Amino acid sequence: MADLWWIYSKPVPADGRELWTLFLQCSCITVVIGGLFYNWMFASLEYSWHLSVAMAVSFSLLLLLTLLLVHPARCVFSMIMPTLGTKQGRQLLLSTCIMIAVVNITPNIISNIKTILQVIKCICKNSSDSLLNSTALLDKVSWEFGDAIQDSIHSIYKPMNGHFRFSLLQNSSLIYQKMHLAGEKISRDFSSVEVLVKDSIRVTNRLAAGFFMLCLCFESTWYLKNYLTDLRFDNFYITKKLERLATDIRAAHLLVGSSTKLIRPRGLKLSWEEVVLCLVRAMLVTVALMLMLVLVAMDHFAFSVADTAVTKAAQFSTVPVTLNIKYKVGAGLSWLMPFLFKVFGRPSEELLLGDFNRTYHHHLIFSSARCRISPPTPPNPSVLLVVGLLFCILYTTVFLEAYTRRLCRGIAASFFQSCEERRVLYLYRKLSRRHGREQ
């Protein structure tokens, strides 16, 4: 492994064997990166597979030529991998996490809201049907009641017409049509909102992903540029070369006296500044996690409401309605009637015209098996698992960022050893001057 890394980090291969070894190394790297790039474009950014394949092949060929011919590009590319553990990598992972969550959770929430609206639509339709049918019952009652009045015993007291007429049933088709149009409009509105949200998130995620990838490349290039041009940049590590130089000059006490300010690149100790930065970054990731949990909670709440609505709607019992009509009428005798009855020899008691006592039953129905209600969609546990895994990686990168920065410095030192020697010598002289001032 050391020999392979030595060949990979050399500016120019020494012979044909090293050239073929470098070519095989770059080929393996480009094949792996090309596959990951295709999966990222097709699965995460949701490009078509034709475009994803074309972009992955083109990117792999360009990357192979760049790694094989440009030595600083190999260094920058090697630092991109640990740079994924820094702020730019977290932003890229966070955009991927948001894309996965929004694309999979938001349609689920909208689907459950549609189910709730379908339940409301079903209840409104069936209750309106029951109310319209109740007018038919009233129409039947009115006709029977009118017939009873018309069939009274004495024709001289018979009214001209005892029937009532209900015209509400004539507009039932119009009511159904308006309800259907309203339901279709709501469905179209929700579908358009769903498509708009998906398209907006997809475009935003693609732009953000491209921007963060450029930031990754820029940050690695910026680090290498500062490493090569500024001897003070990120130069506070006790490396093996510095220890060897201090031992040769018999100045090892400089490293011991400055141990509180210098860091061993392969050690696990973090400085106080690094610990504070880790805590601040962890708080920012926690804020993003809270927002994601709100979205997940909305998904569970929408499913719970939709499931309860469907269950309760199926359990709605019919409401019995009883209409009881008791009717009794008689002809009272005024001051003129006794005289007439005496003239015609009729009895003077009160004349009973008839009785009416009937009971009618009706049921109000709020739900029906004929309603087309889509079942509520439960939250996808695989999406929650992936989102949780990505946030675990985000928290891991927060505390590993200091170590990834040390790794970037080690990569740059292995690619540019002459520059590393100058930086070690500069740090040694700086420590010597500081020690002299303290003395």
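Glycine is treated like the rest: Cβ placed from N, Cα and C.
Taking TrEMBL as the reference, the stretch among 91-110, 211-230 described by the feature transmembrane segment is residues 91-110. Note on the transmembrane segment (20-41): residues 4, 7-8, 13, 47, 51-53, 55-57, 59-61, 63-64, 67-68, 77, 209 of its chain, located 6 or more positions outside it, place their CB under 8 angstroms from a CB of the stretch. Within the chain, the transmembrane segment (47-70) has long-range Cβ neighbours (under 8 A, six or more residues past its boundaries) at 22-23, 26-27, 29-31, 33-35, 37-38, 41, 77.
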